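See below for the structure under consideration.
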Amino acid sequence: MTVRIAINGFGRIGRNVVRALYESGRRAEITVVAINELADAAGMAHLLKYDTSHGRFAWEVRHEREQLFVGDDVIRILHERTLADLPWRELGVDVVLDCTGVYGNREHGEAHIAAGAKKVLFSHPGSNGLDATVVFGVNQNELRAEHRIVSNASCTTNCIIPVIKLLDDAYGIESGTVTTIHSAMNDQQVIDAYHSDLRRTRAASQSIIPVDTKLAAGITRIFPQFNDRFEAIAVRVPTINVTAIDLSVTVKKPVKASEVNQLLQKAAQGAFHGIVDYTESPLVSIDFNHDPHSAIVDGTQTRVSGAHLIKTLVWCDNEWGFANRMLDTTLAMAAVGFRLDASASTKL
């Protein structure tokens, strides 16, 4: 069965989802039938074809009126501001990928379903009222047909959760701290300008800027046993893509750095192949641009202090890796079937 998807919001993640779909060769599994975006069709086509971070798109892209052509495929363009007005029923949409970054609660998901979609996948952390939050590679096998409104968590959650799981399963995590070193985002300023967050009033290209993060909450959403045992901070740095995460955990069992690396490398080659990668090459952030993995462990930076404090550095392409996980989760949601009885919903 080919899953019919619609994309709501054609920004960084929405466009990368389309690119990843075509580059990964999954067009027999997923078809994009519509994109809803307030910007005009000319701008949508141009930014899909030309991308500063990911280069030129290999497929021919053009637009005519309210249609986007990618190769021989035709995608309907919509410019609806109100979710209730979206023609998902008419278009036979199986899953809506909501990539706006604005919508994320159950009410928004129900609006997509009322418009005719069978399921909804948010490209960002949602409220506690959603049916499930999925980190692909860790808990997607817990999805059920009645899970209709789902979050794909965040790029940083997808990056760090597999590593936390591996370390906890092997050594037993007591507590941890996380520092996210994240590329600049489009909620920052090119030059100094007003923003409700005074730090984000400052030019993104000129400073390392601390920002709020809910990553600790994202960790405990997947692993409730770590409630009040993880803390996280985040800074934005003057690069336009790729993120590094500094993870420090205290563990119950004594361990050496070489053993940690052996564990993570084995997982990358085995159970977490395609999700986690491992490297000991002397690489920098640009080298991970366009990497489809959720997490790339930098083995050269693993440290252990006092046999119980582990520090690791984990990289990710916060756009490309996450866009690929959106596709993975979409297929996982479709694979368990579509149960339309909302009263049967159970939470994951």
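Yeah, the Cβs are placed from backbone N, Cα and C, and that goes for glycine too.
According to Swiss-Prot, the feature active site, nucleophile maps to CYS155, an assignment based on sequence analysis. The NAD(+) binding site feature in Swiss-Prot is assigned to ARG12, ILE13, ARG81, ASN318. Here Swiss-Prot flags SER154, CYS155, THR156, ARG200, THR213, LYS214, ARG236 as substrate binding site. The site 'Activates thiol group during catalysis' feature in Swiss-Prot is assigned to HIS182; the stated evidence is sequence analysis.
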Problem set entry | Distance, HIS182 (site 'Activates thiol group during catalysis') to THR213 (substrate binding site) (CA atoms, angstrom) | 11
Seminar exercise, completed: A 10 Å Cα radius around CYS155 (active site, nucleophile) captures, of the binding-site residues ARG12, ARG81, LYS214, ARG236, ASN318, exactly ASN318
Problem set entry | Largest separation between Cα atoms (Å) of residues that the record links to substrate, namely SER154, CYS155, THR156, ARG200, THR213, LYS214, ARG236 | 20
For this session: Determine the most Cβ-crowded residue among the binding-site residues SER154, THR156, THR213, ASN318, using a 10 Å radius around each Cβ and all protein chains in the structure.
Result: THR156
Problem set entry | Candidate binding-site residues ARG12, ARG81, ASN318, pick with smallest Cα gap to SER154 (substrate binding site) | ASN318
Problem set entry | Distance from LYS214 (substrate binding site) back to ARG12 (NAD(+) binding site), taken between C-alpha atoms, in Å | 20
Problem set entry | Other CB atoms, at most 10 A from the CB of ARG12 (NAD(+) binding site) | 23
Exercise. Among the recorded positions ARG81, HIS182, LYS214, which residue has its Cβ surrounded by the fewest other Cβ atoms within 10 Å?
Worked result: ARG81
Seminar exercise, completed: Within 10 A of the CB of ARG200 (substrate binding site), the number of other CB atoms across every chain shown is 19
Problem set entry | ILE13 (NAD(+) binding site) CB neighbourhood, other CB atoms within 10 A | 25
Problem set entry | Rounded to the nearest Å - Cα separation of THR156 (substrate binding site) and ARG81 (NAD(+) binding site) | 29
